[in-house]
Ligand SMILES: N[C@@H](CCC[C@H](N)C(=O)O)C(=O)O
């Protein structure tokens, strides 16, 4: 079977995207992992299928939540496992729908997109997209061990549609020394696994009313990546909660692949950043 794909990324978090509007291509986990394989396939941190919500069983709940959510982001990690949400992926998905002529959206306009985590509102901005990640939950403590981390550290569980555990480190040297080639061990084990973010404050933490942090991430199902949008939101939310009263609502999160913006409004958290399409091709599966 030949699949026409587009390769895209958001701050270096890269994806293989393909269109299957009517839900005719049900790829299994091994086929999805083969697409994402960096040696034997196209290569990516995840695979995104553009499919109409009406063509999927999950779409029933999505369309009940928002009948305007015509398109569903069918997201899978590099190992072929499904995930509820992808913050970088949904921006790249927006760019892909536009480039394929499947969506019309002017700057400042918003579209509803279905995901396994529910409907997300995606707004086109002059330099990319902003997504409303919805209501967040900062709750639950854990202990995290990682290679080259001298002592285990406390972690804070954050839910933004998908599960995260955020760990504060002392400084850049400690962050740079981490070996994320192996998954950090989180205790107690999260029932559905977790993405794990390690953060350090910038110096100063807050300038011009904006909080600034650096982050590295080990993603569930994908390993260490150059960026994770939902992870950046989780990292900003955790740092904001540690900072206490008076902490800013706006954050800039530096990741190995660039920088994204996070802002908190009420009980919702928003993520903004670029979305790049890099090349198209056809791959035989
Ligand atoms: N890179 C994504 C998150 C992708 C899903 C994640 N690995 C999970 O399993 O929850 C992002 O930008 O948010």
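Cβ coordinates are placed from backbone N, Cα and C, and glycine is handled just like the others.
Record features (TrEMBL):
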ACT_SITE  86  active site, proton donor
ACT_SITE  86  active site
ACT_SITE  228  active site, proton acceptor
BINDING   13, 77, 87, 88, 162, 195, 219, 220, 229, 230  substrate binding site
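Features per TrEMBL, on structure.
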| residue | record | Cβ within 10 Å |
| --- | --- | --- |
| 13 | substrate binding site | 32 |
| 86 | active site, proton donor | 30 |
| 87 | substrate binding site | 29 |
| 162 | substrate binding site | 26 |
| 219 | substrate binding site | 28 |
| 228 | active site, proton acceptor | 35 |
| 229 | substrate binding site | 28 |
Open item on the list: For the substrate binding site, please report the maximum Cα-Cα distance among 13, 77, 87, 88, 162, 195, 219, 220, 229, 230 in Å.
Closed with: 16
Task: Secondary structure of residue 87 (substrate binding site) (DSSP, helix/strand/coil) - done: helix
Open item on the list: Distance check, please: Cα of residue 219 (substrate binding site) against Cα of residue 228 (active site, proton acceptor), rounded to an integer number of angstrom.
Closed with: 8
Open item on the list: Around the substrate site formed by 13, 77, 87, 88, 162, 195, 219, 220, 229, 230, list the extra residues of the same chain whose Cβ is within 8 Å of the site's Cβ centroid.
Closed with: 46, 83, 85, 86, 89, 217, 222, 225, 228, 231
